[in-house]
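Copied over from TrEMBL, here are the features:
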DOMAIN    46-295  domain 'G-protein coupled receptors family 1 profile'
TRANSMEM  30-53  transmembrane segment
TRANSMEM  65-84  transmembrane segment
TRANSMEM  104-125  transmembrane segment
TRANSMEM  145-163  transmembrane segment
TRANSMEM  205-230  transmembrane segment
TRANSMEM  242-266  transmembrane segment
TRANSMEM  278-297  transmembrane segment
Amino acid sequence: SFFCRMVGRNETKVRYFILLGFPTTGELQLLLFSALLLVYLLTVLENFLIILIIRNNHSLQKPMYFFLGNLSFLEIWYVSVIEPKMIIDVLSHDKRISFQGCMAQLHFFVTFVCTEYVLLAVMAYDRFVAICKPLRYPLIVSHKLCAQLVAACWMCGLATSSIKLGFIASLSFCDVDKINHYFCDISPLLNISCSDSSLAELVDFTLALLVIMLPLCAVVASYICILFTVLKIPSSQGRQKAFSTCSSHLTVVILFYSTTLFTYAHPKLMYTYRANKVVSVLYTVVVPLLNPLIYCLRNKEVRVAMRKTFTCRR
């Protein structure tokens, strides 16, 4: 049957949701499917190559690239939670996802997003120490500290996701089983809940602000200190070299934070389906595709290591 048995106050517990995704005509379906599949495969390949290059080049055995390798590892899983289901649904008439599957997708997605927020802040701190305290950098940013910081990023992501999921999974969903999105996200689920979701919304909004704004403040503070330090460097060549070491990270931060801040840092009442779906495509599809390219194109050490890796293999 479509619904489970009735539970209290004329509420029903749904067994599955229908992801509406993006409405397309028959001619565009195959084109959209091919484009999304190509983007997904390229994203996974790019991030895998970055991990491979960092592992195989002694010159990249530095904290900066240790964090970059972890970012690439994170983004492989990040896109794999969303994109395969989205790609299949483009051609499929059956766009259902089970309640358990929806909660699992939501749990992993929120975990990876929150982990990335904190990891980007950690990478900004690494650049701050490298540029503002260069003589003490090897002592401060040790291998042990790097491992601890990455573990803390994952713990923060898991804790935030578990709290949010606890509130979302306890909600009741009535006759409206259609999610106007291409994956299970918090705001669409809050909008179709037939029980009082005010507490879940408050918890989601508060945690979203904390997980986004605290790392963002750390990033901004780090780059303000970096800017003042770089401006004190007498030679223009020295200033350019200092800026080049953090320009790729700053570009990734701007892309990721700007798109996700628009989506998650506002209450449910301000939610608009069309705008949020379009912006969601940016941070779940476009930004993960661009991040490896940004690091490869804007970072001279990565370019040299990549050239060396493929030359040696040939």
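Every residue gets a Cβ built from N, Cα and C, even glycine.
Note that TrEMBL annotation is computational and uncurated.
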Cβ pairs under 8 Å only, please: of the recorded stretches 104-125, 205-230, 278-297, which one is richest in them relative to the transmembrane segment (30-53)?
278-297
Roughly where does the domain 'G-protein coupled receptors family 1 profile' (46-295) sit in mean pLDDT, to the nearest integer?
87
Range from 65-84, 104-125, 205-230 with the greatest count of C-beta pairs under 8 A to the transmembrane segment (242-266):
205-230
Intrachain residues whose Cβ lies under 8 Å of the transmembrane segment (65-84), provided they are six or more past its termini:
36, 39-40, 43-44, 47-48, 50-51, 54-55, 105, 108-109, 112-113, 115-116, 119-120, 122-123, 126, 146, 149-150, 153, 182-183, 284-285, 288, 291-292, 295, 301-302
Which residues of the same chain, at least 6 past either end of the transmembrane segment (104-125), have a Cβ under 8 Å from a Cβ in it?
64, 67-68, 70-71, 74-75, 77-78, 81-82, 85, 97, 149-150, 152-154, 156-158, 160-162, 164-165, 168, 183-186, 189, 211-212, 214-216, 218-219, 222-223, 246, 249, 252-253, 256-257, 260
